[in-house]
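Q: Here's a structure for you.
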Amino acid sequence: MLKILIPTLFLLPTTWLTSSKWLWPTALTQSMLIALGSITWLNNTTDTGWTALNSYIGTDPLSTPLLVLSCWLLPLMLLASQNHLSSEPMNRQRMYITLLATLQLFLILAFGATEMIMFYVMFEATLIPTLLVITRWGNHTERLNAGTYFLFYTLAGSLPLLVALLMLQNNTGTLSLLIIPYAKPLLLMPFGSKIWWAACMIAFLVKMPLYGMHLWLPKAHVEAPVAGSMVLAAVLLKLGGYGMMRLMIVLDPLSKEMVYPFIVLALWGVIITGSICLRQTDLKSLIAYSSVSHMGLVAGGILIQTPWGFTGALILMIAHGLASSALFCLANTNYERTHSRTMLLARGLQIALPLMTTWWFIASLANLALPPLPNLMGELMILTSLFNWSAWTLILTGIGTLITAAYSLYMFLMSQRGPLPQHMLALPPSYTREHLLMALHLIPLLLIILKPALLWGWFA
């Protein structure tokens, strides 16, 4: 654990002490070394599952894949942001890298926390760097509005969680994840325990986001700079799913009745947000709504609480993190060339940038869950566990899968095929940096096919 935490901490002085000429190469090299070092985590699962640094920080098979994903994403964010920050003053570039490094630090501490309150504090702390990145480096004036939505949705959702955790602490005397699965269930007034259950879940359902609490997400995604979109889609949404999995153990026997409305909402959301995607003209907005749709499946899988549901949810979270982050990078490469996110104004790019079309194709196929990609493994496991619970869910999930395929292909065809508009005849070529960025997103996704057991979490 320390071999990752200490270099991440030292990224901050590195950023401020390096000469301006070497700023990006050094930050990138150090973060890439951290990312490569974090892969060793996948190797050392102990018999109990927990590998603890001290009584507050440790890893287990559930948090390890998410930790590796968080570390893997920092160098990719730096690679993606290099171009659009090159015109900014040096101190602002340093500030930007500092914010991304602190965000990674908070994420490592959130996923590594074995104490519920520490997880809560880090869960909230990730808000600050993200908010600053969105409101300071976003592309349009609506970014302030988006930042406000992001802040207030998340804070309003997570205040009840704090109260619920304090009540749990009062009743059981501990909030350690190592002990709390063995504690007695919390018994409150007949209705009080139901409110307590909802308070525990709402914060994570807003973060995921569940359909109905998702309004902050498209706004935040569309207005954020590329690194903001990447980390939001790839890791911050996964904090919600991770928190739900951690708390689900404590919430039995209440969950049996309480999960029904949320599963219905999640599956309904898969269909509705998919349909919204079919009507989008804005590229980033389409990818953002597709995130809501995928996370709806994840929420359904977790709320079913079967081994298959949990495993499928974890696989889909990791796979979706890589695929949607790749799509945001591609949308950004388009935006940097055409200065427009509208799909009608930037089509026919296959003629101008043929190699980028290959990346678009692979990322779109990953998004629509083509076999044998891990996206399909996750979706199949979730569909099976939902079908096992009630056969009727197959109708909803089937329609959802169909719509996902439809909007993924629609996005690919709209942006890549067709005639090249007149105003786009002289585009700059694609850079090696962008190809490296896409390769580092999609190669891990393809390698997971060979050993999916790394992502099976508790049930490997």
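Cβ from N, Cα, C; glycine included.
Reproduced below are the annotations present in Swiss-Prot:
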- 22-42: transmembrane segment (TRANSMEM)
- 61-81: transmembrane segment (TRANSMEM)
- 94-113: transmembrane segment (TRANSMEM)
- 117-139: transmembrane segment (TRANSMEM)
- 148-168: transmembrane segment (TRANSMEM)
- 225-245: transmembrane segment (TRANSMEM)
- 258-278: transmembrane segment (TRANSMEM)
- 285-304: transmembrane segment (TRANSMEM)
- 308-330: transmembrane segment (TRANSMEM)
- 351-371: transmembrane segment (TRANSMEM)
- 394-414: transmembrane segment (TRANSMEM)
- 436-456: transmembrane segment (TRANSMEM)
Q: Any contact between the transmembrane segment (117-139) and the transmembrane segment (225-245), i.e. 3 or more CB pairs below 8 Å with pairs at least 6 residues apart?
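A: Yes, the transmembrane segment (117-139) contacts the transmembrane segment (225-245).
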Q: Run the contact check on the transmembrane segment (22-42) against the transmembrane segment (394-414): 3 or more C-beta pairs under 8 Å, excluding pairs closer than 6 in sequence.
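A: Not in contact, no.
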Q: Do any residues, 6 or more residues outside the transmembrane segment (225-245), come within under 8 Å Cβ-to-Cβ of it, and if so which ones?
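A: Residues 62-63, 66, 69-70, 73, 76-78, 80-81, 84, 96, 100, 103, 107, 110-111, 119, 123, 126, 130, 133-134, 137-139, 201, 203-209, 217, 284, 287-288, 291, 295, 298-299, 302-303, 310, 313-314, 317-318, 320-322, 324-325, 328-329, 332.
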Q: Does the transmembrane segment (436-456) make contact with the transmembrane segment (148-168) through 3 or more Cβ pairs under 8 Å, each pair 6 or more apart in sequence?
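A: Between the transmembrane segment (148-168) and the transmembrane segment (436-456), which are separate recorded stretches, there is no contact, as judged by 3 or more close Cβ pairs.
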Q: Given the cut-off of 8 Å on Cβ pairs that are 6 or more apart in sequence, determine whether the transmembrane segment (308-330) and the transmembrane segment (61-81) share at least 3 such pairs.
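A: Output yes: the transmembrane segment (308-330) sits against the transmembrane segment (61-81).
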Q: Give residue numbers and ranges for long-range contacts of the transmembrane segment (285-304): same chain, 6 or more residues beyond its ends, CB-CB under 8 A.
A: 205, 208-211, 214, 217-218, 221-222, 229, 233, 237, 240-241, 244-245, 248, 255, 259, 262-263, 266-267, 269-270, 273-274, 276-277, 310, 312-313, 316-317, 320, 324, 327-328, 331, 341, 343, 367, 378-379, 381-382, 385-386, 389, 393, 397, 400, 403-404, 407-408, 411
